[in-house]
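Heads up: the structure comes next, in structure tokens.
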Amino acid sequence: MKKAKVIVLRTAGTNCDRETVFAFQAAGADVDLVHINELIQGGKNLEPYKILALPGGFSYGDDIAAGKVLANELIYKLRQDIRKFVQSGKLVIGICNGFQVLVKTGLLPHSTLTFNDSGKFEDRWVYLKNVNRNKCVFTRGIKGIYLPIAHGEGKFVTDSKTLKELEKNDGIVFKYVDGKGREAGYPWNPNGSMDGIAGICNKEGNVFGMMPHPERFLSRYQHPHWQREKLPEEGGGLKIFKNAVQFAARHL
Amino acid sequence: MENVKIIDILGADDTELTRISKEGILSLNLEEMHAIMDYFRKAARNPTDVELETLAQTWSEHCVHKTFRGIIEYQEQSTVHGPRSTEKRRTTNDLRRTTIIDNLLKQTVMKATKELDKKWCISVFKDNAGIIEFDRDNAVAFKIETHNHPSALEPYGGAGTGIGGVIRDILGVGLGAKPIMNTDIFCFGFPDLPHEKLPGGVLHPKRICKGVVAGVRDYGNRMGIPTANGAVIFDNGFVCNPLVYCGTVGIMPKDKCFKETKPGDLIVAVGGRTGRDGIHGATFSSVELAKDTEVSAVQIGNPIVEKKATDVILQARDKNLYNAITDCGAGGFSSAVGEMGKDIGARVYLERAPLKYAGLTPWEIWVSEAQERMVLAVPPHKLDEIMAVFKAENVEATVLGEFTNDKKLVLLYKGEKVCELEMDFLHDGVPRFRRKAVWDAPETRPPRLCRGEVSLRRGVGAENPEQILKKILSHPTVASKEWIIRQYDHEVQAGTVLKPLQGKENDGPGDACVIKPLFRSNRGIVISNGINPSYGKLDPYWMAASAIDEALRNNICAGGSLEKCALLDNFCWGSPEKPGQLAGLVRASQACYDMAKAYGTPFISGKDSLNNEYFDQDSGKKISIPPTLLISAISVIPDIGKVVSMDLKSPGNLIYLLGETYDELGGSIYYSVNGLNGGMVPKVNPGKAAVMMKKLQKAIREGIVRSCHDCSEGGLAVAAAEMAFAGGLGAEIQCQRVNVSRPASVGGQATCQSLRNDMILFSESNSRFLAEVKPKNRRKFEKIMNGNKSPLTPLSKGGNGGIYSVIGKVKKDKRFKVYGLNGKLIINADIYELKEAWQKTLRW
């Protein structure tokens, strides 16, 4: 089977690009790390790629609002290419700042990610429950997962109409829960997200964004309790990348 | 001349010279002003303002470490205490033995490195950072800087540019390293200091703390570098002058560890623009702070500009597009270009520098410490290619001039020559300091027992041991720093395999952090630190020795390697013009030499920040900080799969105490919470400790240590309690099982105090560890600790170099119990109550 081609997009302030590249490589993909200027100036284009990843970081310093400037670049400078990519059913994943970018491009249902209720940046591990009924390509076969978040603007907010649509269209993917899988408040829900929502996908299930960092849990040694618990060699985050790469190889 | 001022020094008398230096914030003393006058007398002209500023910057304490490299006359005065009084009496043979120290740095810190001569040290004390071998192909670089004065005036900006600056040190070491970790250590006044006790013009410690943390957070997080290690000390000695240490580790290919500027290379400035921020940062660091200190000396940071520059510079490095690189730190272009062209010469066209806004004079452009700027030496035939790399990612780069071969520094501004100095004079013309240092040993008598102590001995009373333990856990220096740690992204780059917060609920205090820098290799680095200014108030020698021991303890108990461990020294001191302060610096440096030699751990880089003083206008006095030495340790380990966290793992396991406990409560948190001073400062026997550490390292590598934690502030009781609540398990400790050694004798005087529970529980004796071992591994562990020798064999005959004993057990119930010397239960606390005491102080 041919390796799925993945483009990891970076720009000024992107900082989780290397580990995202490695995550896709570990999942068996052929990965290019590309600066957005190469796409804008036409040195490269999205055509050969099956998966587009927007990694974490502080694109353009998160000036104006987290992810806003890069989102504008995507919509106003690469509108046709991005639209074609998404409409052809290719996969897009935004992690942390990438998720913030995706909601601000409008590629994900009407919502935003705003300042944490705690009023500050926080790095902590959170329990996530997969509530998706199989629409999201990236999370199939995952029940729950333990991953780190690291953000200051991760509070998911939307209106009641969109929330209903999200539920109806199977657009809600991950929810923050406590160690026993129940919805809970801070610190389990680390930012005050509405309904504890940590990740959503579009109606088609091919565009997915999440605040926690699956690329930071590819091996057991990245888990905070690896000295306390018996854990498999492979970290829980890898499955998300494998799902995407396998889907792309089979269907795209 | 149109754009510069000529300063008349040839016709100036001493008063006038002093005025010129003081008003210009040049921080040049009279002798230095004379040296400059002599130079220009030969040249038969007066200097321009650019030339004077260049000399002041290059000769600043900050840049050339005049005190450490000068000549020191060191005297020790011994004091003997009268039998029944506290007044000091000098004996007739009052020591007046004077030692001449020619270059303290070379005689102590650097000497140890030279004598140890480790093959894995690649570059030491030469470049922006120290470099050691990582694996066959890669090396790691480590550097720590201070940014104290800026952080006192503008905590957010000062700390942010502190971390930004040390990151550039790593980016500019050799041909450039990729930053992989940050470490930050702070010293502040107590966060609950009453406002009315705050001297005029000083920001409140809590305000400083919050600003500094936010500054480090916003800069470090945006750079995408995990801030995964640190410490915070609270002591009212730092109210007027906080300390902010920022450090960065980088990784680089081994063939990129050295640079060489060549004549004809173009001087290319990359990154941020030049503005009027940070004028006189280098020279201003030598002036004491006061109520009306100008804030314009603080730089303004922009992490995204630095991130962009980092991205492109590492690409240019891998394409071999330049011969040398350095950062613009203190002294700006003046320091960067001056250093790079030191042996050959340089010519710079100042008007070419891109400015943030118009209106800067030539000297301001030249010495501005505007941030995010790097200077590269680019061979002319590679210019187009390197400029294309920068342009591709919208990074501004400008050719400022070229490196020459005339050994002169020539600066031009719009066609006018505004500076012409011989490189030799600029770099070697500074007169050497000759300073006096007098050491007067302080009081070492133990304080009289206070009420708390008495009640502790009895095990009853208002303040029982449990309450004292809680009080110590709540002391801000001991208390949980989770509020700070979580605001730093300590896991970006996905290599933090031993995190700063550990245990069942990810909230226990880790001893060190372990980073796995390469995705496809299990090799790792262990980073730790040691610092304790309270000991510095008693004796800087033992403070330095304790800091080294602590940094190594932290490193070893997390799984570090003593054989491949390097140290950094960062001295923060008061004015070296005060003989007492300088003597302390000498003593601390001597300890650095003695300890580094004994442990076999070379120093690879360091920095000193002297003149940490505040001029209090009300009292008219200059207030010095407590002498403070930060020691940081970095060790390279072959397999991160063997590292150990500090949280207790399973009920039934044995708790070992390794090392000896002495009556060393001087400078302890126990004394601090009871308002006591004096006492015996903890000492170090590095020979014994090194043997012990190597054995512990072996046991850890063999996988039979389930958790390990060192005893530091708060002593044995705090360490054991932290292990228990981090693991969510109970523990039982027996004071009777603790090895207590005869008090050491110091200054001809021995303390004779009887064995007491408080001493056992709260003494901060060095070189001690708590280790959790499964009962089935007991024999195996003890065999390693014995080293096939009887535990009683003296060290000189190959003995085990230390003592160990099982002092307790891990329990399933969530209670922390301590049995006193008489076998009675003296502490019986719920672990969550102890945890709450530990967490509440800094839960902001």
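FYI, residue positions are counted from 1 along the chain as it appears here.
Using the three backbone atoms N, Cα and C, a Cβ is placed for every residue, glycine included.
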| field | Candidates B:G524, B:G530, B:G536, B:G606, the one TrEMBL lists with B:K143, B:D569 as binding ATP | value | B:G606
| task | May I ask whether the domain 'PurM-like C-terminal' (B:651-789) has at least three C-beta pairs under 8 Å with the domain 'PurM-like C-terminal' (B:262-413), counting pairs 6 or more apart in sequence? | result | no
| request: Taking only the Cα atoms, work out how far B:D569 (ATP binding site) lies from B:D169 (Mg(2+) 2 binding site), in Å, as a whole number. | output: 16
| field | B:R168 (substrate binding site) and B:D327 (Mg(2+) 2 binding site), distance between Cα atoms, whole Å | value | 6
| remark: The number of other Cβ atoms within 10 Å of the Cβ of B:E145 (Mg(2+) 1 binding site), counted over all protein chains shown, is 23
| note | By a 10 Å Cβ neighbour count, the lowest-scoring of the binding-site residues B:Q299, B:S609 is B:S609
| field | Sorted by sequence, non-B:K143, B:D569, B:G606 residues with Cβ within 8 Å of centre, ATP | value | B:G130, B:I144, B:L568, B:N570, B:F603, B:I604, B:S605, B:K607, B:S632
| So what's the mean pLDDT when you look at the domain 'PurM-like N-terminal' (B:511-610)? | 96
| Alpha-carbon distance [B:Q299 (substrate binding site); B:E145 (Mg(2+) 1 binding site)] in Å | 15
| Among the recorded positions listed here, B:H62, B:K143, whose Cβ has the fewest other Cβ atoms inside 10 Å? | B:H62
| Chain-internal residues, separated by at least six, CB under 8 A from B:H147 (active site, proton acceptor) | B:G158, B:A159, B:T161, B:G162, B:G165, B:V244, B:C246
| said: Measuring Cα to Cα, how many Å separate B:G606 (ATP binding site) from B:H62 (active site)? | reply: 12
| message | Taking the Cα of B:K143 (ATP binding site) as the centre, which of the recorded positions listed as B:H62, B:D169, B:Q299 lie within 10 Å of it? | response | B:D169
